[in-house]
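Feature annotations, reproduced from TrEMBL:
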DOMAIN    1-282  domain 'UvrD-like helicase ATP-binding'
BINDING   Ala22, Gly23, Ala24, Gly25, Thr26, Gly27, Lys28, Thr29  ATP binding site
DOMAIN    283-540  domain 'UvrD-like helicase C-terminal'
Amino acid sequence: MELNPQQRRAAEFDDADVLVLAGAGTGKTSTIVARVAHLVRRDVDPRRILLLTFTRRAAREMRHRLGRQIGADVAKRVPTGTFHHFCLQSLRRWPEWFHCASLTIIDRDDQLQLMKLARAAVIGKDPTFPKSGELANYYSFARNTNRPLKEYLDEFTSHEPDCVARIEAVLKDYGARKQQCKYFDYDDILHLFARQLHRDPVVRQKLQRRYDHLLVDEMQDTNPLQWLILDGLREPAKLFCVGDDAQSIYAFRGADFQNVHAFTERVPGASVLKLEHNYRSTQEILDLSNWLLEQSPLKYDKRLTATRGSGSKPVRVEVDDDFEEADWITRDLMQRHEGDDPWRDHMILTRSAWAARGVEASLIEHEIPYRFIGGTQLLQSAHVKDLLSLLRVIHNPSDQLAWMRYLTQWPRIGEKTAATTINQLLTLTEPAQREDLLSKRFSNQPRLAESITECVAVWASVPDVIATAADKLTPLLERKYDDWDRRQKDFKLLKRLAKKHATVADFLETYTLDPISESEASNDDQDDAVTLITVHSAKGTEAPVCYLIGVQPGNYPHVRSIGDEQKEEEERRVLYVAMTRAKNELILTGTVRSRGAFVPHHNRSFQGGSGQPFFLSSMPDNLCATDLDFETDFSDGPILSFRRP
Ligand SMILES: Nc1ncnc2c1ncn2[C@@H]1O[C@H](COP(=O)(O)OP(=O)(O)OP(=O)(O)O)[C@@H](O)[C@H]1O
């Protein structure tokens, strides 16, 4: 692929720090990859180029593309990964710099468990007090935006001072519990790294000396904490950041627009370059996407033009309910497949895994191979967590949540017995002492201690550890879960994933940091499959044919965001990101029911009957074809069937 002059200028820009503002599909991934290749050809040591991406998937894709340009061996030497991955690796590599000898990364579920304990201890029973999920969000948001908790609570919540003080007390207790169990939640990783980087000049100097170039993808979705990390690492290293303000969809996690908008103020002398030619989509798809942005009160100053020229108009398909929507899509997919289109050319985009359950069921029913990215997370399933609890207690004997899960899954061990046992376990320092305690205390359950001993014996081989754990726990779990036949296949997936990891710690951490979905794991090596994907996971992806489901009032903008201008605006960008994934065909499906209100068939105009705002309600007719423009077939199944023009 030949770079265009704008892309080449960016890739080879050697004068200063640079921000590349790149619209959707304008080749930013291609440009970043070309930049790394350019630097390597200019004799920069690949190990001194740090490439930070938003997801593990994006990192894999970059490494793959880079391999094609400079050879896989050289590409492997370029440190490439997410901010979390990079920071965690640094903490592990130089624990003395960060004062963190051993740590266990906990996921959102564990975080909530721990928060529940803290809330119960400090507040007791008070249904009016914020729930654990809300408290965890406050905690995370304050840290990602790098604000003191009180300042954040005062500014962004409407709680009374007394309540703010109680929230602070719960979060303090949560912090103490974390420390006691040697837990690190997701945000601690960045926080600790950034804190040391800025507090300790020696650490800062050592880290700064390691890199000559910092390349950052999806700059618009970085948060203030991530900016602090970049700011601490730059100089003499040069920044090369690529972003698109119209694709910023992570404000809910603390992403900060200013990292793009205020770039030149923060990095004196930096240049801003633009990529404006879209290579992905046909002009009709871009016309609709451009129109959507133009409706915003924010000035995005963005009009994408298609280098590919004209194609077919996006299509709106209006359905009565989720079933009809699912049916319509599977039939359309099958029709296309019969016409020799491979499954992999099709992507179905959804707001959430929950919203896609109808479509997923229909794909299964019709035996259409699919991969769900962003769907049910493999490591979150109860039976998988049961198995992982065994690995976790060996990896970190202070891991109280894992002990609780591990012990209480055995018959006749309740939370009380488990809690007293855990208290005793925490006082012991040697593995043999713990195993001894467990085998004596639970002599009627010999497998409980045996499982630990046998896993420890094969600890050096991750696949063997998983196989042993699965073997020991299966008789137990078989009895616990009614649908064991369905569940046990996940253990096979775990064994397959295990092969990719050198240590159990790495295995546990990788998927806690960037969870993998059940179907993603099972269809990892299946080449020809439809992609079902949440819009938030879809950044950086594309497909010739994209179905965007649930395009209806109540979803765009989402009911929860209505009335909050910033959130509504983010919702617009979510829809924009979704639309701009399509290369040749974009199909928007949605129901005409909204909050129980039904719009009569002849009145269907995608506006819903409830008066809820809807981004497409004033869409000019010429931007989309509707399914009603095509032949209607009442003979079988769904009311509307669609024939491609
Ligand atoms: N110079 C070029 N010539 C031909 N095709 C190109 C060129 N640059 C990019 N492309 C193609 O355009 C498509 C989009 O490129 P890429 O994925 O790099 O875009 P992006 O800017 O990262 O997109 P987004 O931000 O929307 O995810 C890809 O299929 C890529 O191969």
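Cβ atoms are placed via backbone N, Cα and C, with glycine included.
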> Of Ala22, Ala24, the binding-site residues given in the record, which has the fewest other CB atoms within 10 A of its CB?
Replying inline: Ala24
> Other than Ala22, Gly23, Ala24, Gly25, Thr26, Gly27, Lys28, Thr29, which residues of the chain come within 8 Å of the ATP site, judged by Cβ distance to the Cβ centroid of those residues?
Replying inline: Thr31, Asp244, Leu275, Asn278, Tyr279, Arg280
>> Same chain only, sequence gap of 6 or more: which residues have a CB within under 8 Å of the CB of Lys28 (ATP binding site)?
In response: Val20, Ala22, Asp217, Val242, Asp244, Leu275
>> Please give me the CB contact count at 10 A for Gly25 (ATP binding site), counting all chains in the structure.
In response: 26
> If you draw a 10 Å sphere on the Cβ of Thr26 (ATP binding site), how many other Cβ atoms land inside?
Replying inline: 26
